[in-house]
């Protein structure tokens with residue numbers, strides 16, 4: 001009686017060892033070659049194998065089939081799937097690219113140099129193309145020079161630009177009509193698609209500069225217009241309070257204000 005019990009247990013143990021019992025797990029980058037997933041109640045014996053195929057975007061790591069083999073300790077996987085690679089991305093003119101990798105699912109970020117703007121998408125992804133080859137999608141963008149429209153017109157003045165568009169870094173020069181003074185920078189710069197602030201043309205006439213107990217030491221003129229400079233000195237016995245020089249400025253005023261001669 002005791003021997004029969006041992007024999008039964010031994011046979012039962014052999015039966016469990018010979019069976020892996022359930023279907024193996026499926027790696028996320030593979031699929032079963034045959035429809036074993038629907039046979040959830042199937043039992044597999046030691047030595048049985050189940051084949052896998054790589055999902056799109058993946059390839060076999062080495063030659064030969066990919067399969068799991070039932071062993072005494074469970075399923076053992078032979079071979080595996082690894083990500084396919086896209087071709088090396090090409091550089092773009094007047095721009096840079098930040099490569100996050102060249103494997104399936106990786107991305108590239110594009111940016112343009114100063115003075116250029118991106119035409120197209122700023123990111124491309126490594127994907128499986130319609131022909132089965134690995135491609136970057138969407139295609140690489142281009143970096144196009146930022147352009148300014150024709151520079152703005154100003155009252156009582158003009159500029160020397162006659163183009164429809166201007167590239168980044170272009171400079172256009174303004175001048176004023178006769179009798180007007182140019183206030184600001186005569187040249188405007190195209191930068192980032194915008195012009196720097198243009199000057200204005202104004203009539204600037206300052207009154208004759210006179211100070212009590214003092215006199216002009218330089219800058220004698222019958223009339224004074226924008227940016228004319230004058231210098232002052234005091235008579236003997238007086239000393240200068242304030243700046244010794246002044247400039248005719250917008251608003252028909254002297255700046256800094258005229259000095260005084262004090263005892």
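Heads up, the Cβ atoms here are built off N, Cα and C, so glycines get one too.
As recorded in Swiss-Prot, the features of this protein are as follows:
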DISULFID  21-70  disulfide bond
DISULFID  54-81  disulfide bond
DISULFID  86-126  disulfide bond
DISULFID  112-143  disulfide bond
DISULFID  148-190  disulfide bond
DISULFID  176-201  disulfide bond
DISULFID  206-248  disulfide bond
DISULFID  234-261  disulfide bond
DOMAIN    20-83  domain 'Sushi 1'
DOMAIN    84-145  domain 'Sushi 2'
DOMAIN    146-203  domain 'Sushi 3'
DOMAIN    204-263  domain 'Sushi 4'
When secondary structure is assigned with DSSP, how many helix, strand and coil residues does the domain 'Sushi 2' (84-145) contain? 0 helix, 31 strand, 31 coil
Whole-number Å only: compute the distance from the Cα of residue 248 (disulfide bond) to the Cα of residue 234 (disulfide bond). 20
Taking the Cβ of residue 143 (disulfide bond) as centre, how many other Cβ atoms lie within 10 Å? 20
Could you state the CA-to-CA distance between residue 176 (disulfide bond) and residue 70 (disulfide bond) to the nearest Å? 93
Could you tell me which three-state DSSP class residue 190 (disulfide bond) falls into? strand
Taking only the CA atoms, the spacing between residue 234 (disulfide bond) and residue 206 (disulfide bond), expressed in whole angstrom, is 21
Using Cβ atoms only, which residues of the same chain lie under 8 Å from residue 86 (disulfide bond) while being at least 6 residues apart in sequence? 102, 103, 104, 106, 126, 127, 134, 135, 136
Alpha-carbon distance [residue 148 (disulfide bond); residue 112 (disulfide bond)] in Å: 17
Out of 54, 70, 81, 201, 206, point to the one nearest residue 148 (disulfide bond) in space (Cα versus Cα); all of them are disulfide-bonded residues in the record. 201
By a simple count, how many Cβ atoms lie within 10 Å of the Cβ of residue 54 (disulfide bond), its own Cβ left out? 20
Going by Cα-Cα distance, pick out whichever of the disulfide-bonded residues 54, 81, 190, 261 is nearest to residue 201 (disulfide bond). 190
Name the one residue among 54, 70, 81, 190 whose Cα is closest in three-dimensional space to that of residue 206 (disulfide bond); these are the disulfide-bonded residues. 190
